[in-house]
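Here is the structure we will look at.
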Amino acid sequence: MLRLITIKLLQAAPVILVVSILAFLLMSLLPGDPAVVIAGDQASPEAIAAVRHSLGLDRPFLERLGIWLLRLAQGEFGSSLMLNQSVLSAMGERLPVTLSLAGLSLAITLPVGILIGSIAAYYRQTWVDSLVMTVALVGVSIPGFWIAILAVILFSVVLGWFPSSGYVPFAQDPVLWLRSLVLPASMLSLFQIGFLARMTRSAMLDVLSQDFIRTARSKGLSEWVTVGKHGFRNALVLVITAMGILVSTALGGSVVIEQVFALPGVGRLVVQGIMARDYPLVQGVMLIYGFAFVAINLAVDVLYTLADPRVRYD
Amino acid sequence: MTELALAVPAAPAALAPRRRFRLMRRLVGHRSFQIGLVLLVLLTFAAILAPLTGIDPSSMKVRLRFRPPSQAFPFGTDGFGRDVLTRVLYGARVSLWIGFVVALLSGVIGALIGVLAAQFRSLDALLMRIMDGLMSFPAILLALGITAALGPRMESVIIALTVAYLPAGARLVRASALVVRELDYVLAARIAGASPLRIMLRHILPNSVSPLLVHMTFVFAYSILAEAALSFLGVGVQPPTASWGNIIAEGRDYATEAWWVMLFPGLAISLAALGLNLLGDGLRDVLDPRLKGPG
């Protein structure tokens, strides 16, 4: 176990380096002089020079890359220009919102997606299968922010069931917290449920057609044990693989959903950063998300080995 | 040397005619494929024939602001008195074009990277770590960052989404190329003296294509959704050029009063994505018979 984690960590190291370099390169994509872009068109030459110096843009490319990596190694992720705050603390303030949103969305997605995907596989080629898969297909085809706006009109403006925007911290009032997140989280889940249901269905179909399922049935095990235990356990391996993608799309989707519901999370921070040309902030957030993903994928790999003893790394 | 190379069975370059014919027949008979194809063809025609409405998509008539759907304006008019139907039709050109180009570019570049990695083992680790790195960012966030840096234009959106969706294609092609390169006919080609480049392009690539084709169809769908999201966030195609995403973004401010402005482009996006997903499902079922769909 420990050996496995060590191997995985060693494999993740170069990816972390690549992620750092990619985030650095993003800044070099800026056309023209980034200092001018950041300082604004009306800035005086002195102001531009100051920005250039403070960002280290007056140094050669490789030296800048070296400094960037060195700083990262010391845990320095840069600071936001518009907030006058380090990226880490700016993100720290907003992360609870995004994690609540993405977490709640995954809490809806996982049981629903797996359940309806399995049902479709079990009743394959029947109307149940067609119905469930049509719903799943619609889920992955509808733009999330669009259906979210429509949902706001229906559930907030017309029916008044949920607030149309804003966020209440959990510590302040757990009930209002949940109420402020139910609508955004369910809208975020629509794509995910569709995605997971489609994936679960094909994984289950694969498993249910295998010999050991026939053996289980023929030795008289109940359908529940056959499908629920033997079948599901095996399909779980594929579902775990999907976890990485699900977390990724949940965090990506939260950028858009936070914008619709005016939730003060990391996604909204990024969009504000982009509008304010606060590139160090955007860069920092991307970097932290990138690192988080390397960690999540690592966890997924380890879980994968736990769920399927046949998978072994040497 | 040339003669020897010719002596190698020519089969791998493409599917044998009979098998290709059978695949076509199964595709044409596949329900999802049929529905998807019809949807996509209709939308493409709508995009091509957009000028037939005879209305300029950006002509503003303040007098005609916020007209609800009627016979004269089937989809109503927006806050500048522009015809929403015309804008949705012109938006189809932009959105479908972006989706198509992104699917094509990310597929082709991804395939090249994947085959290179499979064929030249020394490049493998480097290329795949770069792909892993790109995949570590949520796709929409990566695209957001790139478009923000390059400036909000159609080209930026295309580049950003291509970069975001390319790693998955590269991984897919690499995986299947790794299997194909061990097959006997590749060995035969190598013995016959075919150059690594020729083996790569003539023998490995064509036989790794079918999973990629399915993948590209889905990327087409994702790109249309992602373009809309980027435009909604304000970094996509900029008004007055209509794209499905920016019509929704503009219509959002008065969504409660003039719901029709944002309703129709959203429906168009959903139909396009639905059509492409159905098409992809059909292709997958036929090209990869192990995964049967609901029929």
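Cβ coordinates are placed from backbone N, Cα and C, and glycine is handled just like the others.
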- Range annotated as transmembrane segment in TrEMBL, from B:4-24, B:130-150: B:130-150
- Residues sitting near the transmembrane segment (B:212-238): Cβ under 8 Å, six or more positions beyond its termini, same chain? 94-96, 98-100, 102-104, 106-107, 110-111, 139-140, 143-144, 147-148, 152-154, 156-157, 160-161, 164-165, 168-169, 172-173, 244-246, 248-249, 252, 269, 272-273, 276-277, 279-280, 283-284, 287-288
- Query: Near the transmembrane segment (B:258-280), which residues from the same chain, at least 6 beyond its ends, have a CB less than 8 A from one of its CBs?
  - Reply: 32-33, 35-40, 43, 66, 68-69, 75-76, 78-79, 84-85, 87-88, 91-92, 95-96, 99, 214, 217-218, 220-221, 224-225, 228, 244-245, 247-248, 250-252
